[in-house]
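Q: Starting off with a structure, shown below.
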Amino acid sequence: MSRPREGGPVVLGAGGWGSALAVTLAQTHPAVTLWARREALADELRRIRLNAAYLPGVALPSQVNVTSDLAAAVAEADFAFAVVPSVGMADLLSALPTSLGLVLCAKGLAPGGQRLSELAAERGFRQVAVLSGPNHAEEVGLGLPAATVIASRDEGFAHRVQQALMTPSLRVYTSRDVAGVELGGVLKNVVAVAAGLGDGLALGDNARASVITRGLREMARYLGAQGAQADTVYGLSGLGDLVATATSRHSRNRAAGEAIARGQAPERGGQVVEGLRTARFLAEWAEQHDFDLPIVQAVAAVSEGRLSPQDALRNLMQRQPRAEG
Ligand SMILES: NC(=O)C1=CN([C@@H]2O[C@H](COP(=O)(O)OP(=O)(O)OC[C@H]3O[C@@H](n4cnc5c(N)ncnc54)[C@H](O)[C@@H]3O)[C@@H](O)[C@H]2O)C=CC1
Ligand SMILES: O=C(CO)COP(=O)(O)O
């Protein structure tokens with residue numbers, strides 16, 4: 001059972017996903033704390049009750065208390081949702097007590113390509129879970145139905161988080177496969193960039209379906225190599241999130257691919273595009289381990305400007321003929 005706390009659930013990071021999680025938690029808790037790194041953003045959220053920059057169109061209910069004081073936000077918490085972009089996760093962890101239970105919500109890797117849950121364990125956090133699934137903040141924030149997965153080796157912790165996050169519109173499953181759930185969310189972003197590249201080149205629906213399917217196969221091979229369970233990639237955090245991201249008008253990763261193919265800048269409105277950074281880490285790993293990740297490697301080469309989207313497509317289409325598998 002969750003230890004009852006005066007302050008209620010705590011969300012660290014006031015971007016789109018942190019805000020949507022705070023709104024979701026407010027459906028079932030009388031008080032939710034939302035921490036924003038910048039006081040200017042915290043002040044704006046308190047005043048207009050709207051995250052205009054990161055989640056426009058979703059009102060922050062009065063139960064959500066916004067602060068930029070990190071120590072105060074976690075002072076009474078037994079666990080917190082960590083929702084800053086992966087590039088900022090190491091700094092956030094350094095500022096938190098290791099007795100705090102952590103629910104890692106970013107879908108990217110730590111510097112050097114380490115999984116965020118490994119980083120947290122290395123830093124001494126004992127209760128660690130990862131949250132992942134087809135969960136566009138724009139839809140979850142509006143209360144549209146969705147499902148998600150919370151994975152932890154500590155089953156009791158996973159159940160506490162499940163209980164805290166479950167609402168009539170968000171169905172939360174648990175899993176013990178931390179690596180599988182975490183890496184599904186990480187890799188699907190790269191495949192979504194590839195799908196976006198295809199969209200930007202107007203390659204059509206068959207091409208997008210082919211990228212999704214071959215991308216899923218690539219994800220399965222990589223997850224297997226990292227010791228994940230074989231079937232996790234076909235769950236919400238793998239196939240589910242891959243379909244959501246590679247086909248959605250909300251996805252920043254898909255849109256980034258589309259923009260690159262059109263010769264435009266990949267980032268929009270300062271929002272995080274995890275897949276580009278992830279592709280570089282994974283392509284480096286593939287190179288070092290002589291491991292075939294053709295779609296990931298193509299996305300890395302295109303995003304670094306080493307290959308044009310058209311040449312990347314040609315290379316993928318002209319790979320050695322093979323059996324499906
Ligand atoms: N937006 C979505 O639908 C979903 C996003 N995610 C993941 O959640 C993570 C956060 O994404 P979003 O909330 O969408 O980001 P966002 O792009 O909407 O906003 C990022 C927020 O983090 C803040 N920030 C940036 N660097 C920071 C740092 N070093 N420390 C503290 N705060 C920092 C920014 O000021 C901003 O408030 C990403 O890893 C993303 O892949 C996961 C599920 C859904
Ligand atoms: O992870 C997400 C939905 O599940 C959000 O994807 P984007 O970061 O591509 O917008």
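Using N, Cα and C of the backbone, Cβ positions are placed for all residues, glycine too.
What you see is a predicted model, and the numbers here were worked out from it, not measured in a lab.
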Q: Going by TrEMBL, TRP17, ARG37, ARG38, TYR54, LYS107, ARG252, VAL272, GLU274 bind NADPH; tell me which of ALA137, ALA146, ALA220, ALA312 is listed for that site too.
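A: So the NADPH site in TrEMBL includes TRP17, ARG37, ARG38, TYR54, LYS107, ARG252, VAL272, GLU274 plus, from the candidates ALA137, ALA146, ALA220, ALA312, ALA137.
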Q: Over the domain 'Glycerol-3-phosphate dehydrogenase NAD-dependent C-terminal' (177-313), what is the model's mean pLDDT?
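A: Per the prediction, mean pLDDT sits at 97 for the domain 'Glycerol-3-phosphate dehydrogenase NAD-dependent C-terminal' (177-313).
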Q: Can you tell me how far the Cα of ASP241 (sn-glycerol 3-phosphate binding site) sits from the Cα of LYS107 (NADPH binding site), in Å?
A: 11
Q: List the binding-site residues GLY15, GLY18, ALA137 whose Cβ sits under 6 Å from any atom of ligand 2, in sequence order.
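A: Qualifying residues: none.
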Q: May I ask you to report the DSSP-based helix, strand or coil state of ARG252 (NAD(+) binding site)?
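A: DSSP call for ARG252 (NAD(+) binding site): helix.
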Q: Whole-number answer please: how many Å between the C-alpha atoms of ARG252 (NAD(+) binding site) and ARG38 (NADPH binding site)?
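A: With the alpha carbons as reference points, the distance is 22 Å.
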Q: When the domain 'Glycerol-3-phosphate dehydrogenase NAD-dependent C-terminal' (177-313) is classified with DSSP, how many of its residues are helical, how many are strand and how many are coil?
A: 100 helix, 0 strand, 37 coil
Q: Give me the CA-CA distance between GLU274 (NADPH binding site) and SER251 (sn-glycerol 3-phosphate binding site), in Å, as a whole number.
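A: Cα of GLU274 (NADPH binding site) to Cα of SER251 (sn-glycerol 3-phosphate binding site) measures 11 Å after rounding.
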